[in-house]
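Just below is one structure, and these are the notes that go with it.
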Amino acid sequence: MNPILINKLQRKLGYTFTHSELLQQALTHRSASSKHNERLEFLGDSILSYVIANALYHRFPRVDEGDMSRMRATLVRGNTLAEMAREFDLGECLRLGPGELKSGGFRRESILADTVEALIGGVFLDSDIQTVEKLILDWYQTRLDEISPGDKQKDPKTRLQEYLQGRHLPLPSYLVVQVRGEAHDQEFTIHCQVSGMAEPVVGVGSSRRKAEQAAAEQALIKLGLE
């Protein structure tokens, strides 16, 4: 690992690892090594969900479970995590195999999002739950301040469907146009055709569902609803 880039990353994260091997593992995609980050990602995903749920519970004492679930989903979804990864310049620190490097894996949203979760898992193992909770809340401060309950927290497919139904327009159609990668690490490309749009919008994700959500979000942006 390039020590200059790693030090820069740790400054942006706001955390310096005591055990550098945890940081290295968190940054390692399965295409690069058998000692990859998927177990850390599993751990980090659960920790992130808990921290954000706890924060929302205390910030919104009068909001019901449904709205809190939708707000949490917005905050922990893949494109939000990928945005954070780009803010950290995480792509330049990833350890990828030759195939992933060639295909631009350092830019792929699913890899960036998974690595953020792996970093959370790594920080927890390197420190404790109090430290990682404070760090996550620091990362999310602006997003937590800006989020609010309401229809905007519904997932993009639901919002797009409700928008079209409200105008008596046909429902959108979703078509898988490409599946890349091996079974354990696939990337789906979806075309979403919306009535009134000359061309389909495109969504990419690590599952068909995530790719459809990404395509629906692009449709909402084109409709001026995002």
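Even glycines carry a Cβ here, placed using N, Cα and C.
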Same-site Mg(2+) binder from GLU38, GLU41, GLU187, given that Swiss-Prot records ASP114, GLU117: GLU41
Distance from ASP45 (active site) back to ASP114 (Mg(2+) binding site), taken between C-alpha atoms, in Å: 8
Sparsest-packed among the binding-site residues, when each Cβ's other Cβ atoms within 10 Å are tallied, from GLU41, ASP114, GLU117: GLU41
Close in space, distant in sequence - ASP45 (active site), Cβ under 8 Å, 6 or more apart: VAL76, GLU117, ILE120, GLY121
The domain 'DRBM' (155-225), counted residue by residue under DSSP: helix, strand, coil: 26 helix, 20 strand, 25 coil
